[in-house]
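Lifted from TrEMBL, the feature list:
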- 11-39, 74-75, 79, 105, 255: NAD(+) binding site (BINDING)
- 13-171: domain '6-phosphogluconate dehydrogenase NADP-binding' (DOMAIN)
- 174-300: domain '3-hydroxyisobutyrate dehydrogenase-like NAD-binding' (DOMAIN)
- 180: active site (ACT_SITE)
């Protein structure tokens, strides 16, 4: 229903980056009746979309030639630069007035750089990173944090509401990234805190379910304790109940904390706990936790007696 108004204007939408997040996001656009023009650096990622009737192209430039609204969902800043400004990048064939929405989580300074390059070509760039992970991407209830020219926000919102339930305008280009980075830094810190508190309580002889219940009716309560508890057996349907499979990978958290570090350095902002969280998640990556959900920090703390 959200998109009923949009259904009238079914002009093609380009989608570049059909990975863990991009795949379900693009599928939701297809579900809402948008013809999708897809590209991914791995051709096998596009097979599924060909079967769904999407056009598959050979490069980001080809997407830009065929669509004047494009969403990109890429792993990191270098990938984003390549897709926009590379030899076969979007900007090689972008049409004037095109709307380019980047949902990757990258350095806010890089978003600003890309926006400048896009503006030179007479097109519009917005950063719109997401919160909610793969589950929310499938269900179409992601949160989008959007930075860009305010007059263009409604045009972006039309597409983003097909993939998310919250679309929040944050300010100029880069502010979407800023909001995302701050959220994830706090999430990492609170997850480590929850894991430490639960571990200490268990060693003091408390039943983990009981301890979680007490925390969640007390002032220590947070999302990590009441919605995504890191202790196996405390909650159903979360990665800790499934050997830390699925969810938000430790490498991704380490990456986002790295972005927070760069931003903190650039703005001379002290983030002592953010820095510590970054080190802990990097140590986890080095110790074989890279692909496990970030709540596996509980397991890591139990093994690392020396920490």
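Backbone N, Cα and C define each Cβ position, glycine as well.
Note: TrEMBL annotation is automatic and uncurated.
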Q. Can you tell me how far the Cα of residue 75 (NAD(+) binding site) sits from the Cα of the residue listed as 'active site', in Å?
A. 15
**Q.** For the binding-site residues 21, 26, 36, the one whose C-beta sees the most other C-beta atoms within 10 angstroms
**A.** 26
**Q.** Distance, the residue listed as 'active site' to residue 21 (NAD(+) binding site) (CA atoms, angstrom)
**A.** 15
Q) What same-chain residues, at least 6 away in sequence, bring their CB to under 8 Å of the CB of residue 31 (NAD(+) binding site)? A) 140, 162
**Q.** Tally of DSSP helical, extended and coil residues in the domain '3-hydroxyisobutyrate dehydrogenase-like NAD-binding' (174-300)
**A.** 88 helix, 2 strand, 37 coil
(Q) At a 10 Å cut-off from the C-beta of residue 16 (NAD(+) binding site), count the other C-beta atoms across all protein chains. (A) 31
**Q.** Lowest local Cβ density among 11, 75, 180, which the record lists as recorded positions, within 10 Å
**A.** 11
Q: Select the closest residue to the residue listed as 'active site' from the following binding-site residues, measuring between CA atoms: 11, 16, 36.
A: 16
